[in-house]
Amino acid sequence: MATENGAVELEIPSSSTDTAPKAAAGEGPPAAEKDPGPPDPQKDPGPPDPEKDAGPPNPEKELESPDPKKEPDPDSTKDTEAPAPEKGDGASAQPSASSQGPEGEGGLQGEPAEGSAGQPAALPQETATAEASVKKPEAEQGTPGSQDPGEAKEQKKVAEGQAPSKKGSPAFLHSPSCPAAISSLEKPLAEKPLDETLELIFEGVPVTPGPTETEPAKVAEGEKNLPGGSQKEGEEKAAGHAGQDGVQGDTSRGIEFQAVPSERSEVGQALSPTAKEEDCFQILDDCPPPPAPFPHRIVELRPGNINSQFSLNSKEALGGGKFGAVCTCTEKATGLKLAAKVIKKQTPKDKEMVLLEIEVMNQLNHRNLIQLYAAIETPHEIVLFMEYIEGGELFERIVDEDYQLTEVDTMVFVRQICDGILFMHKMRVLHLDLKPENILCVNTTGHLVKIIDFGLARRYNPNEKLKVNFGTPEFLSPEVVNYDQISDKTDMWSLGVITYMLLSGLSPFLGDDDTETLNNVLSSNWYFDEETFEAVSDEAKDFVSNLIVKDQRARMSAAQCLAHPWLNNLAEKAKRCNRRLKSQILLKKYLMKRRWKKNFIAVSAANRFKKISSSGALMALGV
């Protein structure tokens, strides 16, 4: 049933669900190739001299008379150490046609690793990297004295169980290519009950322990290797642990781009300095945002007279929908300007929903989430008084002719949305109606945004199954359309769609009507339009590909999003990224179509009311 604000309630949810047969786990790195040949035991009966003979010892000779004093070759550990591929490797850029799963449209590869909370196992291209890291024959390496000092240092790291140092950013989980173009429907994901993994994946909590103090920190991308680099890395790591607050404290530990433990540690440590970056929106703003109009407060619904405390301005409407209308108001005692959400009490369930919304908002003390000021109940309605946000909708702001939208602007907006979502999920709250209309700018000049409208939000317990059948079709996830169990990853799908629209100005699943839109969501067939995404970075495409994934277990959590390379090092990116995105022009067309649809619904409702009143039906009812 469609409503004025675009949200619909799915009256007859589809009972069809997508099942995925279990895929075989990826094979480990291949064994090392044999050396050119052992020395002749007749010519060289004694043990090989490492200074004179670079060839390997005779295996038969060692089996007959093993030397108890002989120490294991430290280079032999290379056979099992396979560093994860870096971004830009040829293997990662061209995945095989059979490496994609039907549940993962973003290029998910392989079966989820055991105990990795739904994260995919080591990527197939790691095999190629492993072959390159296999120990060379000693004849090729030369004598120990002739070995390069840098090579010896790397081999020592490997022997101690540490990952060799590498330059560049961590490898991406998915290919940044178009999911439709890389045959994402060919290889299925492993079938695993969702309720077995919810407790692990919720809030982006990693299954494996975080990096220890003995693990080496990875140099951030673009940083030069100075002589005192190791000391600098240790200082940055300590500052990262001390500076992160309660909300973003898990950011450096939550992301798992690879299934290799050493790589996960390096990723977390490389991103921890930028994960604690303060006020990302101030990178683009010349002045700080206005302070919060009032501190966070715990609100209780109480009866009272609205007109004695507030002056409602019904002519200055801010929005409306199924649950009521929103207008501006002023508190008479303080002169504080607020937004008033008026909800009609038609059934007992209406009051129950309002009480749930109040309970949810009392938990959300975050600068990127709208704050509740008061709640008053009258005999016929309930009014929620909230923080007034004057900047308007985010999409309305960025289509302004005087505004130049760049990819860095999009990063700043998306990072703040992720911050708000992460806090909600830590408070066990799911928004379930994330869409452009519910992202507002604090003012008309800055880049600070807030998430609003918790009328459809739900408290969430990972140990309990939760299903919903409402939302806005364009931004609904497949599990909502199918009336399947939902989780915190349901909000992440909506974030992926919003990010896609910010980058391109196109809605990936929008059809001619709601039915076609819902069918598009269920099929999850989408792609990166070549023309509109021409100027968009591969990191941005990879970010979206990790969110718009049909299987919710394969989507990134909010913590993993905040640790993704695309949302980090924003200050450096802002210095070199000033190209205007084409999405501004296309977003104007999208907003015009949306306004036309809203006006059409309003006019249709007025015409229906006019026909009913002219037929005398209302008079017969005594109205």
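Along the chain as shown, residues are numbered 1 onward.
Glycine too: its Cβ is placed from the backbone N, Cα and C atoms.
The region 'Calmodulin-binding' annotation in Swiss-Prot falls on one of the ranges 380-392, 562-574, 601-613, namely 601-613. Other Cβ atoms within 10 Å of the Cβ of Val326 (ATP binding site) number 21 in total over all chains.
Remark: Leu318 (ATP binding site) has Val326, Cys327, Thr328, Ala339 as non-local neighbours, by Cβ distance under 8 Å and separation of at least 6 in sequence. The highest number of surrounding Cβ atoms within 10 Å, among the binding-site residues Gly320, Gly324, is found at Gly324.
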